[in-house]
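J.: Following this message is one structure expressed as structure tokens.
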Amino acid sequence: MRMPTNLQHPNMTAIASLPRSQNALKIVSPNTFHVDANAPLPTLVDHDSVLIRVVCVAINPVDGKSADLSATAGATSGTDFAGIVVALPPDTNSEPDDDALKIGDRVMGFVFGNNPQGRDNGAFAEYVTVPRRLLWRLPAHMSLETAASLPASLASVGMAMHYLQIPLSSLQSAISKSIASSSAAAAADDEGPFVLVYGGGTSTGCMAIQILRLAGFVPVTCCSSSSAARALSLGAAATFDYASATCGRDVREHTHDSLALAIDCISDSASMSICYEAIGGGGGRYVALDPFPVRGCVRRSVVPDWICTLTQFGRPVAWAPPYNIDERPGDRRFAEEWYRLAQRMLDAHVIRAPTLETRTGGLASVPEGISEVRMGEVKRKKLVYNIVEQKAAA
């Protein structure tokens with residue numbers, strides 16, 4: 001078989017036929033999109049790239065934020081997807097590993113959409129390419145809709161723990177122990193170190209609470225009163241209303257002035273201030289999911305940092321400042337190990353997905369969802385779209 005020109009790779013294993021073009025949601029200008037019905041398929045940049053036929057996609061805040069702050073005209077949008085493997089790197093089937101990916105496998109992943117250096121690749125399209133070591137295979141119990149809601153949060157929590165300087169070896173050991181205990185709830189106790197998760201009602205906050213419990217930490221969270229019950233059910237030891245004037249002080253008292261680690265899933269001046277107030281007198285580390293306001297660095301004993309999960313690919317991020325980031329090979333190395341560990345959690349069925357709202361209309365309906373998420377109109381749920389439903393029904 002001859003691969004389409006832009007997909008050629010020596011000895012690549014693929015399904016019998018692939019189209020020469022696809023439908024893809026392209027960025028036209030800041031927060032303006034259109035469906036290109038004749039878009040090229042993504043180029044296989046890495047020697048270990050996998051081509052996936054996308055079935056479901058989910059919307060993340062970064063999809064609208066990046067298209068607003070650093071729009072790349074002609075780039076495919078989207079980060080979270082789930083689909084079916086249709087082409088593999090040449091040496092995959094020769095690997096002795098029984099867990100090696102195979103054509104037809106159901107997978108999910110997080111991709112660099114709106115990429116100035118890879119405009120043909122993004123989740124909001126019929127095909128996407130991702131390095132094989134940065135993919136998760138779906139467990140039998142998981143639907144493609146559910147899977148599409150998980151990758152960005154799962155990848156971001158891992159990167160946040162990496163930037164908190166929690167050793168990977170300790171994560172592997174503790175999570176293995178929790179998996180052996182069947183669930184985070186069965187393994188949970190309140191004797192480990194506290195970690196504050198600010199934004200426990202967000203998708204990433206909910207994921208962080210679960211994984212921190214599995215890793216032997218005691219998560220406490222700042223969230224709205226309407227998110228508190230779910231946060232507790234996911235493993236939070238305590239919740240604190242971020243609207244309270246004493247929120248930071250209350251966290252500090254509850255944690256006996258011992259809190260040393262904080263993950264800020266909101267990352268604005270107010271959230272940073274509360275995190276800094278909550279961290280104990282001995283100081284600690286604060287990691288935000290976005291650039292933090294420098295004026296918020298009011299304690300020398302607290303070391304601040306922020307993550308851009310796109311660094312997991314080991315390539316530069318060429319967005320507008322402050323999101324112009326040189327490649328970070330260490331983040332790629334960590335991510336590959338983290339994905340292996342997270343696969344074990346997925347297989348063990350110890351991760352709960354967010355509440356989903358599955359919408360119809362395919363790619364053409366996605367811009368409306370991006371706008372709703374960007375405007376803060378979507379609360380405590382994830383928007384998911386099945387982009388092949390209309391063709392499947394035809």
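Keep in mind that glycine also has a Cβ here, set from the backbone N, Cα and C atoms.
So Swiss-Prot lists these for the protein:
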- Val62, Asp63, Gly64, Lys65, Ser224, Ser225, Ser226, Ser227, Tyr242, Leu289, Asp290, Val378, Lys379: NADP(+) binding site (BINDING)
- Ala152, Ser153, Leu154, Ala155, Ser156, Val157, Gly158, Met159, Thr309, Leu310, Thr311, Gln312, Phe313: substrate binding site (BINDING)
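Surface or core, plus neighbours and distances: that's what I need for these features.
T.: For Tyr242 (NADP(+) binding site), the same-chain residues 6+ apart in sequence whose C-beta sits under 8 angstroms from its C-beta are Tyr198, Cys222, Cys223, Ser224, Ala270, Ser271, Ile274.
Note: Phe313 (substrate binding site) has non-local neighbours Phe112, Pro131, Leu134, Arg332, Ala335, i.e. same-chain residues 6+ apart with C-beta under 8 A of its own C-beta.
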J.: How many other Cβ atoms are found within 10 Å of the Cβ atom of Ser156 (substrate binding site), counting all protein chains shown?
T.: 24
J.: Can you name the residues of this chain that are 6 or more positions from Val62 (NADP(+) binding site) yet have a C-beta less than 8 Å from its C-beta?
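T.: For Val62 (NADP(+) binding site), the qualifying residues are Thr79, Ala152.
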J.: Between the binding-site residues Ser224, Ser226, whose Cβ has more other Cβ atoms within 10 Å than any of the rest?
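T.: Per the Cβ count within 10 Å, the most buried is Ser224.
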J.: Quick one: give me the count of other CB atoms within 10 A of the CB of Lys379 (NADP(+) binding site).
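T.: Here the count is 11.
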